[in-house]
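Novice: Dumping what TrEMBL says about this protein:
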TRANSMEM  98-121  transmembrane segment
TRANSMEM  141-162  transmembrane segment
DOMAIN    146-268  domain 'Ferric oxidoreductase'
TRANSMEM  183-204  transmembrane segment
TRANSMEM  224-244  transmembrane segment
TRANSMEM  256-272  transmembrane segment
DOMAIN    406-502  domain 'Ferric reductase NAD binding'
């Protein structure tokens, strides 16, 4: 340690700028630089040594307290709000999402009733003795709630956009906003229904004379547009339910939904054009989203952008199982992001459909399987075993951004969900990571032969560096034996065991073992927070999410036990 050049300790002279070339500044966080080496007397040296060391300790303690407080608050939020909410009502959504929704509903309910005077006025009708109009706050309240429904339409449109500005600003995937979009639509429907009922009561019952007033009112242009908008809104809500999507098919539902939404906005404009300033943002958000899609699709169709192809591989001994490997000349996307794929050759008419609608056994799945079989036929030359693909994306969050240098990583997957978690482990296997960090993979499959899907990737993990503390456990639900498979090793003799375990069906595996495995994983870690990745069936994700919430312990995190600071990252490509 050095000391200040000036002998005087008054007026913070030790913090004055340095000028002598015989000294150099020693920097301190958020404090004046200190001159070293020491040229002052021993008393000044000891005093300034105390001043600067005390300041450094203050910054250190403040940083530690701030980091610990942040981790404790995060752990507490996950402990209380990470679990699934009422699944029968909200689906597989977290308590945090429901809390945000309820906060929005509470905010709107307050504004439904604030600022109005609740009274009743009885006034005579001109030229009609003995006939009176009853005027109440119901009329202004109906208009008030209708204006709020108009205002929420723009927010609903923004939450529905795939190229969402909210996703860009918050780095939260657009699927995370779909829950709020759906329930915001329900709120708008309820508001519109209350507005309609209130106006009907006023015009059909309270205003006199009847039925003359009602007859004149029902033919008003604005009322006709109001009926049209309410009818379309009812269709939007009804067809967005599960039965509506199954009735029309997802692709038809999607196109019908945003087309009806624009007709609804136009009907609202016709209903009360004096509020067009509120509806205009909704139209702008929709047009921007559509323009981005159409522009990119046009560029891809006319080969202005680099085209991509998907290589095909088949596993005939397992039935119609095909592995698709994408090759495209473009900038790499982050781990955790995904694309939507379009296969033009799978449709005889040449119409493009998205791969995520290939669901049914006898629908597009069968057509695409036939296409793959024809491409992989022995009569076809090996160099054309590909099919063109059109990409839309990338979408989704950057999962690697959530991992700190000393974080422990646990990956839990079911079936094809392995494709979501494997890139995370492969990335760590190729990078230099702290030895103390622990990694583990838990994968549930139906049969042992399903390992062939990702055989090359599993071999790469088995041959990872020895200092990567990695465990691989695979649960097979349709075998009776418990086996262990070891890699063949690398040139330097490295190998890692891959353990297969028998499980009594997927339900038994989930309910009995998930929490136990997470607990065992935490006990085997040395230090550092833990992040759990999960992908697969919705029931698996829900169980893992609930187990992670239960193991979060704010009190232990506050005491410095970071292993109980668990974060959950689930597959965001699944429909909520």
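Including glycine, each Cβ sits where the backbone N, Cα and C put it.
Bear in mind that the values here come from a model prediction, so they are computed numbers and not experimental data.
How buried are these features, and what lies next to them?
Specialist: Sequence-distant contacts of the transmembrane segment (141-162) (same chain, at least 6 residues past either end, Cβ-Cβ under 8 Å): 108, 111-113, 116, 174, 177-178, 180-181, 184-185, 187-188, 191-192, 194-195, 197-199, 202, 258, 261, 265, 268, 272, 275, 278-279, 281-282, 285-286, 288-289, 293, 395.
Residues of the same chain lying 6 or more positions beyond the ends of the transmembrane segment (256-272) and with a Cβ under 8 Å from any Cβ of it are 146, 150, 153, 157, 160, 221-222, 225-226, 228-229, 232-233, 235-236, 239-240, 248, 279, 282-283, 286, 290.
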Novice: Quick check on the domain 'Ferric oxidoreductase' (146-268): DSSP residue counts for helix, strand, coil, in that order please.
Specialist: 105 helix, 0 strand, 18 coil
Novice: Within the domain 'Ferric oxidoreductase' (146-268) only, compute the mean pLDDT.
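Specialist: On average, pLDDT over the domain 'Ferric oxidoreductase' (146-268) sits at 87.
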